[in-house]
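Worksheet for the structure shown next.
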Amino acid sequence: MALPDTAPLLVGLLLLFHAFGAWAIVEVNMEDKVEVMAGETAQITCMFTTDEGLGGTTIQWFYVLPNKERQRIYNKEPMHEAAEQNTLFTHRISLNVNGTAAVLAIRDVGVRDNLEFICVIKTLTPEEAEGRTQLQVFKSPTFPTIEAVETGISVNEEAPSKIGSCRVKNGYPKPHITWYRNNMPLRNTPREVVVTSSTTIESSGLFSVQSELTMKVKKEDKDAVFYCEVIYFVPGATKMTESQHINITVYYLPTEVTIWVESPKGKIKEGDTLELRCDNNGNYPSSITTIKHQNSEYSVENKTMVRTNVKRLDGGVYECTFEETDNFEVISRSTKVSVNYLESAVIMPKDSIAVMEGEELKASCNALSSLQTSTTWFKNEKLVSKGNTLSVKSATLETAGMYKCVVTVPEMEGMKTSSTLQVNVKGSPQILGPDVQEVETYETTVNLTCSATGFPAPTIMWTTSDGKNLNALQTETEDGAQSVVTFKITPNVKVFCNASNDFGSKVVEFNIKTILNTTLTTITSMPTISTTTRSTTTISSDTVVHTTPTTTTTTSTNTITYDTVQTPTKSPNIKKESKGFVIAIIIIAIFLLAILGSVLYFLYKKGRICGRSGKQDFSKRKSSKDNIVVEMKSDNTEEAILLGVNGEKQQPNDQ
């Protein structure tokens, strides 16, 4: 075999080189460190050179134990190579030799692999060389968690108080924690800032770090932002991460107390609801806030005081007091509250006043108020005067009535008071309406009303022209009296209303007219003529008759019905001495018209009119009703219009 033949040759060459003193030269170059993240594969390269060539080269890998001893983990000889058994790397390493580079690969590295590795190169001669590389394994820590203290911190604490704690877990190498306040790093300062840290090595070899910040707080720290920053290492770099930001509650004593009126805004008036608020620029929990009314000693232990339906006595000085119970410090502030008022209006003279007709009326109205007032006078809801004095130089009966004085405060809406004054004007009564009043009715009785003004209230009496007294009810009104009487109509009898008091009397005459409806129906045998006559007759208590007739004529071949309807019209006033004569003329005119109508009808029947004979046959066209044409005029003239059989108008000379 070839191997037994070459072995003696190699041994011989070695002895030959040794005999002549020629030794091989071996050099090894390695990196000082190799950085890798935990869980990845680390590759450590060993670069070597030798003048003997690669055939007889032996490569060995070691790592340094904590006691500085070497532990071989891999051995490669010219004819054999293998990983050492029962080591940390037995199943995780492999060696790859490419020329003069021997690369040791370590899979799934962990923090425990953070060791120094040695590469040893040996040749056939006793010469050897080695190189060393430090393997550095990195593990990023978890995101930092921060917790703030739940209770508030007082600025009066003498020693630094705990602000919060920050914790980061499972990092390698050991991470570092730095505290920040408003983006400014905090360093240990005696009696001001204290940062304490503790480190825990987990079973995995990773580091967990916790840091606690304590400091002496100030009032400004109530708005401060705190957080922690974690610095950790990765291959070839340094990284940083920030925690969440936290705030703390800082308790501090107030330096100022404020008290103000929350509502109503603006001026306050009686009847309002008053709300006072008190506050301070501190926030100490162990404190008492009191609002007190100095005038009445009324107080509440609260920052708000509410008083309903305030009166003027509720005005005055209100004081807010802040007391810190731990240190017994007291601070206070006060404010003055003004409650505006408007008393009831007072009219002088009070309630009512009576003046003689023609005299001057004077009255005054005043209301006590804390503000400027405005006064107005009203009568029947109409403005009659401005100012607190009501003055009428010459009083009349129309001056009498109920007056209302209204007092307001212009600068405050809703402040208003009022009072009333009854003004009576002494004088003779006055009756509403004309001295002679006309009354028309279809009935046999009538209700008459008489309203009189005056002071004292007049007494109303009813009498008739025939000397009778009528019984009636009388009621007092605001400015006088009113009476209503029921009168049974009697022809030629008038009714008088007499109102009287201490200063005189007044009489009004009532003329009562009865309106009568009459209907006349006259039948004639004229077949084609129909005439409607309407007249109006009015009969008063003075027996005055006035008739206004109208005539309407129509022609028809049918049977015609004639109706006479009397429509009432108002008659003019006629002097008493001429009434009898007029009545007689009207009666005579009516009587003559009736006779004339009868004669004409008789002549028509006998055929003496229009050439007709008395034996004319009416069988061809017969009317059930025939009409007489009558027209009555106010000038006592008359006109008769006759129509022929064919409806033609006949001239008078034809009759």
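Using N, Cα and C of the backbone, Cβ positions are placed for all residues, glycine too.
These come from TrEMBL:
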DOMAIN    4-136  domain 'Ig-like'
DOMAIN    144-247  domain 'Ig-like'
DOMAIN    254-338  domain 'Ig-like'
DOMAIN    343-422  domain 'Ig-like'
DOMAIN    429-513  domain 'Ig-like'
SIGNAL    1-24  signal peptide
TRANSMEM  581-604  transmembrane segment
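Model confidence over the domain 'Ig-like' (254-338) is summarised by a mean pLDDT of 90.
Against the domain 'Ig-like' (343-422), stretch 429-513 shows more Cβ pairs under 8 Å than any other of 4-136, 144-247, 429-513. As a quick check, the domain 'Ig-like' (254-338) and the domain 'Ig-like' (429-513) miss the bar of 3 or more Cβ pairs under 8 A, pairs 6 or more apart, so the two do not touch.
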